[in-house]
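Database features, via Swiss-Prot:
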type	residues	note
BINDING	LEU117, GLY121, HIS122, LEU123, SER349, PRO350, PHE351	(6S)-5,6,7,8-tetrahydrofolate binding site
SITE	HIS225	site 'Plays an important role in substrate specificity'
MOD_RES	LYS226	N6-(pyridoxal phosphate)lysine
Amino acid sequence: MDELLIQDPEVGRAVTLEIERQTGKLELIASENFVSAAVRQAQGSVLTHKYAEGYPGKRYYGGCEFVDIAENLAIDRAKAIFGCGYANVQPHSGSQANMGVYFACLKPGDTILGMNLSHGGHLTHGSPVNFSGRLYNVVFYGVKKETGYIDYDEVAALAREHKPTLIVAGASAYPRTIDFARFRAIADEVGAKLMVDMAHIAGLVATGLHPTPIGQAHFTTTTTHKTLRGPRGGMILSDEDNAKTLNSQIFPGIQGGPLMHVIAAKAVAFGEALRPTFVDYQQQVVKNAARLAGCLTAAGYDLVSGGTDNHLMLMDLTAKDITGKDAEHALDKAGMTANKNTVPFETRSPFVTSGVRLGTPALTTRGMKEAEMEKVAAWIVDALANVNNETRLAAISREVEVFARQFPLFAW
């Protein structure tokens, strides 16, 4: 930081302010986490200088013998974590991992059966504003209105009616366990391939806290951040039989040179995920989410599906007559960062919404446990009861900052 502040004080100031924001506030965005010093060091290393088009041992540039070591470590560790025969660690993001799979098994105009974005899916699962919705014919499934759980009978009925080439399972705002075996049975019945996007739950899958899609899905994609607690990036997992096709769709299909400094950081994070302490961490993430959800429910707030099985929960504020947008702003003023989110059967626009998504991975990384979740829940309830009370929100923010600074960002 010292050199950055000297050479470019404007950027240096932005970074310094962001460190202060992360340190003094509570990060409740379910897709965010804090990486280790070792991951940051790898990502900020001289590997950022190196072009390495191709794959280990088959590069289009010279001088790749050492970045090959890093990429091979990332591949081998990913395969060890998830028990699969193939891993591609080059996708720059989860979206590009999904694109690579789509290009490997679909033609423009083919049919995808994916989860409705407003029911918890993701943009890349067929949203009309995304490439997936523009290139392919998309049919959406959702959750049951009365329970908030995926309607597997609807999935099966839609699959029989539309005969999709690819079924996509996985979500960005679904708080319950996903039955991958049920999805595979439906896919087999209609002759479809199954892709699982486990970006949000990869850390839970890695530690056995959520059923694995490996062995059920033909293709599995994930991000490498979120619960996996690595650098921002993507990855594809599959069988070795699919290696040639998938590799060619990432490079040269949709990417050129891989980001070797990020791949090295992925390798470091995967090494951390193979340690027993990572199991302890994921168990605490789930415990914290359950406690936070329980406290919010006890305080009279509705949660989609009534609770959570994983690391996140979705508050439905419809009955409170608070918009997700206003709730997000109030929480931010109170020192807590969350994101507005659509809820199933949403009546408001995606820019306003009726929900707020909350998650526990980042708070758990800082060392917080169930007792701390009770305090966090109390502050959330207080803030949402005072959405328009600037004085009270500022007071909560001061309390939150004193509390947050007891849990350092860089403790591991």
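Every residue gets a Cβ built from N, Cα and C, even glycine.
On the structure: features taken from Swiss-Prot.
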residue: LEU117; record: (6S)-5,6,7,8-tetrahydrofolate binding site; DSSP class: helix
residue: HIS122; record: (6S)-5,6,7,8-tetrahydrofolate binding site; DSSP class: coil
residue: HIS225; record: site 'Plays an important role in substrate specificity'; DSSP class: coil
residue: SER349; record: (6S)-5,6,7,8-tetrahydrofolate binding site; DSSP class: coil
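Around the Cβ of HIS225 (site 'Plays an important role in substrate specificity'), the number of neighbouring Cβ atoms within 10 Å comes to 26. LEU117 ((6S)-5,6,7,8-tetrahydrofolate binding site) is surrounded by 25 other CB atoms, counting those within 10 A of its CB over all protein chains shown. In this view, the densest Cβ surroundings among the recorded positions HIS122, LYS226 belong to LYS226, judged by other Cβ atoms lying within 10 Å. Here the C-alpha separation of SER349 ((6S)-5,6,7,8-tetrahydrofolate binding site) and LYS226 (N6-(pyridoxal phosphate)lysine) works out to 26 Å. In sequence order, GLY114, MET115, SER127, PHE140, VAL168, GLY170, ALA171, SER172 are the residues near GLY121 ((6S)-5,6,7,8-tetrahydrofolate binding site), counting only same-chain partners six or more apart with C-beta under 8 A. Comparing PHE351 ((6S)-5,6,7,8-tetrahydrofolate binding site) with the residue listed as 'N6-(pyridoxal phosphate)lysine', their Cα atoms are 23 Å apart once rounded. Our reading of the (6S)-5,6,7,8-tetrahydrofolate binding annotation (LEU117, GLY121, HIS122, LEU123, SER349, PRO350, PHE351) yields a largest Cα to Cα distance of 17 angstrom. Within 10 Å of the C-beta atom of LEU123 ((6S)-5,6,7,8-tetrahydrofolate binding site) sit 16 other C-beta atoms, taking all shown protein chains into account. Note: PRO350 ((6S)-5,6,7,8-tetrahydrofolate binding site) has non-local neighbours SER118, THR342, i.e. same-chain residues 6+ apart with C-beta under 8 A of its own C-beta. Other Cβ atoms within 10 Å of the Cβ of SER349 ((6S)-5,6,7,8-tetrahydrofolate binding site), summed over all protein chains shown, number 10.
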